[in-house]
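Asker: Pasting a structure here, questions to come.
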C-alpha cells in the first residue's frame, strides 16, 4: 500500500516521503510520468515501470508483509503479486537512499507541464 511505501522510504532515507518526494521531478508522486530530471527522479520512473508489470494487485490499496531487520527491508510471506509489489517498493526506497547526495531542492515541487515526454519503460 502507499503507507508501506512511504514507511520504507522513511526507513531508508530518513525523509518523510510525501513532502520530500510527493511532487519531486517528473516521476515521483501519483500519476506523473516524464523524462527524469535527475537520478532521484529516475528512481521514481523505474518504480512506476515496476508497478506497470503488476496485474493481480493494486499498489495503492493492497498490503503486503515486510520487516525491517538490521536496517534492511525484508519482504515477507506474500502471494506472487504482493511479493513483486514489495520488491518494487524496496528497490525505489534503496534507490532514493543511494541518490540522497544529488537530491535537488529545485525539483521538490516541480511543475509537471515542464516535463517532456517519457521514454517507454
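We number each residue from 1, going along the chain as drawn.
Yeah, the Cβs are placed from backbone N, Cα and C, and that goes for glycine too.
Copying in the features that Swiss-Prot gives for the protein in this structure:
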- 26-115: disulfide bond (DISULFID)
- 28-44: disulfide bond (DISULFID)
- 43-95: disulfide bond (DISULFID)
- 49-121: disulfide bond (DISULFID)
- 50-88: disulfide bond (DISULFID)
- 57-81: disulfide bond (DISULFID)
- 75-86: disulfide bond (DISULFID)
- 105-117: region 'Important for membrane-damaging activities in eukaryotes and bacteria' (REGION)
- 105: site 'Important residue of the cationic membrane-docking site (MDoS)' (SITE)
- 108: site 'Important residue of the cationic membrane-docking site (MDoS)' (SITE)
- 112: site 'Cationic membrane-docking site (MDoS)' (SITE)
- 114: site 'Hydrophobic membrane-disruption site (MDiS)' (SITE)
- 117: site 'Cationic membrane-docking site (MDoS)' (SITE)
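What's the neighbourhood like for each of these?
Answerer: Residue 26 (disulfide bond) is surrounded by 25 other CB atoms, counting those within 10 A of its CB over all protein chains shown.
In the three-state DSSP reading, residue 44 (disulfide bond) counts as helix. Around residue 44 (disulfide bond), the C-beta neighbours below 8 angstroms that are at least 6 residues distant in the chain are 21, 24, 25, 27, 28, 29, 36, 92.
Residue 95 (disulfide bond) falls within a helical segment according to DSSP. Cβ contacts within 10 Å of residue 95 (disulfide bond), excluding its own Cβ and spanning all protein chains shown: 18.
The Cβ of residue 121 (disulfide bond) lies under 8 Å from the Cβ of 48, 49, 52, each of which sits 6+ residues away along the same chain.
All protein chains considered, the CB of residue 88 (disulfide bond) has 22 other CB atoms within 10 Å.
Classification of residue 81 (disulfide bond) by DSSP places it within a helix.
When other Cβ atoms within 10 Å of the Cβ of residue 86 (disulfide bond) are tallied across all protein chains shown, the result is 22.
Non-local neighbours of the region 'Important for membrane-damaging activities in eukaryotes and bacteria' (105-117) in the same chain are 20, 23-26, 32-35, 37-38, 40-41; each lies 6+ residues outside the stretch with a CB under 8 Å from one of its CB atoms.
Mapped onto three states, the DSSP output places residue 105 (site 'Important residue of the cationic membrane-docking site (MDoS)') in helix. Residue 105 (site 'Important residue of the cationic membrane-docking site (MDoS)') has a Cβ environment of 8 other Cβ atoms inside 10 Å.
When Cβ atoms from all protein chains are considered, those within 10 Å of residue 108 (site 'Important residue of the cationic membrane-docking site (MDoS)') total 16, not counting its own.
Sequence-distant neighbours of residue 112 (site 'Cationic membrane-docking site (MDoS)') (same chain, 6+ residues apart, CB-CB distance under 8 A): 26, 32, 34.
In the three-state DSSP classification, residue 114 (site 'Hydrophobic membrane-disruption site (MDiS)') falls within a helix. The Cβ of residue 114 (site 'Hydrophobic membrane-disruption site (MDiS)') has 9 other Cβ atoms within 10 Å, all protein chains considered.
Residue 117 (site 'Cationic membrane-docking site (MDoS)'): 9 other CB atoms within 10 A of its CB, across all protein chains.
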Asker: Which three-state DSSP class does residue 75 (disulfide bond) fall into?
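Answerer: Note: residue 75 (disulfide bond) is in a strand by DSSP.
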